[in-house]
């Protein structure tokens, strides 16, 4: 536990408030180490500060200055007057004001914000847990609780009053069944239920209230605490042994990319550096157009019939390709890695206006079955360079909101490619550039329902690809 705390918690306090920082840290230390490991695994950081929250570096930008947040009790507060906040997104962090936390109500708020961070920002809980039948069944039991027996039984609202937010109580009638579609359409409301249950379970003075008024959600949290948090954490560790996958988390991805490819970058020539930067700007289009047109080959004297100006432009592109090849041949990816790429229906030779895979946020299942039937197990040679990202949907220009298909690509150790974001004109895309000439195989097609706010309520088609190993050692 000490090592996890040391790697996860950052102290930003003066020496005269050190006692309060210790008491604040003790709140965190009471949680299962598996919970903290899951948060750390996605690049999450916990800051304990004696500053006003909006003065902390994580929250000092203008978007947080006048923000209002909602407490576990549904009350709205200006962020600048509150004492804890879980910042979500691709670089999650929890900022806690250093206090003695003698008030149990304050402790509940700290655990509530951490519970939000766990269910909203932490993989795989943020993708799967709200759709877990155990969670759904527990919600339904609480929503169907009754006082008394038989015909005289009446609705027991205690569990709903304790855990459901105002909007959920208004939209979900007592006794109404909850299903995955309802959860997908009301993500923040059900994240609140999880976070509130989490907070009451781990704050000792409120644990009994959760058990008395919402026994099904108490038992759900009990199972998570005693068994499933550990199982989930162990599963993540095991998968990370086999393949590196940063999901949406940019802080960890950027750190790995910069450190792993630092020596490679230092050994590039000026011409190689220039073309990498140029490729991330306007040069990628003519380069890849040339490679697609000639199936990845540089054809001698191909511009023989062109005028002098056109011939010179063609030779320039060919030299750029040679420099880019030389740069990427110097680099090999050091471990099995998952990268991401958003595409349109054109990936499968379909035009949007003719095919329209997604309508009103819903993926057409029949068209997915058609694509799977035609392409699963098939291979294709990527004659041009492939731009991918270390993280899913790093920028709104390439996101689920615009492109209905996500390629999740497994890159085996030894493939020629490099992290080029710190050399790019668009560093926020966290680009991994994969060398040309590899053969890719379509492995799996699956429809993903929206489980995160970033999905904009839209389903998308996830297509798993891998590099065909028989082609791994192909040299240019």
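Backbone N, Cα and C define each Cβ position, glycine as well.
What Swiss-Prot says about this protein:
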type: DOMAIN; residues: 2-226; note: domain 'ATLF-like'
type: DOMAIN; residues: 242-470; note: domain 'TR mART core'
type: BINDING; residues: 280-292, 341-344, 382-384, 398, 431; note: NAD(+) binding site
type: ACT_SITE; residues: 341; note: active site
type: ACT_SITE; residues: 387; note: active site
type: ACT_SITE; residues: 398; note: active site
type: ACT_SITE; residues: 431; note: active site
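Comparing the recorded positions 283, 292, 341, 383 on other C-beta atoms within 10 angstroms of each C-beta gives the minimum for 292. Distance noted between the C-alpha atoms of residue 343 (NAD(+) binding site) and residue 398 (active site) is 8 Å. Note: residue 289 (NAD(+) binding site) has no non-local neighbours, i.e. no same-chain residues 6+ apart with C-beta under 8 A of its own C-beta. Residue 387 (active site) is 12 Å away from residue 398 (active site) when you measure Cα to Cα. Distance from the CA of residue 341 (active site) to the CA of residue 292 (NAD(+) binding site) is 19 Å.
Nearest neighbour of residue 341 (active site) by Cα distance, taken over the recorded positions 283, 286, 383, 387, 431: 387. Note: the Cα of residue 387 (active site) and the Cα of residue 286 (NAD(+) binding site) are spaced 15 Å from each other. For residue 280 (NAD(+) binding site), the same-chain residues lying six or more positions away in sequence with a CB closer than 8 A to its CB are 420, 423, 424, 425, 426, 431.
In the three-state DSSP assignment, the secondary structure recorded for residue 383 (NAD(+) binding site) is coil. DSSP gives residue 398 (active site) a strand state. Sequence-distant contacts of residue 286 (NAD(+) binding site), defined by Cβ-Cβ distance under 8 angstroms and a gap of at least six in the same chain, are 317. Of all the recorded positions listed here (343, 387, 431), the one with the fewest other CB atoms within 10 A of its own CB is 343.
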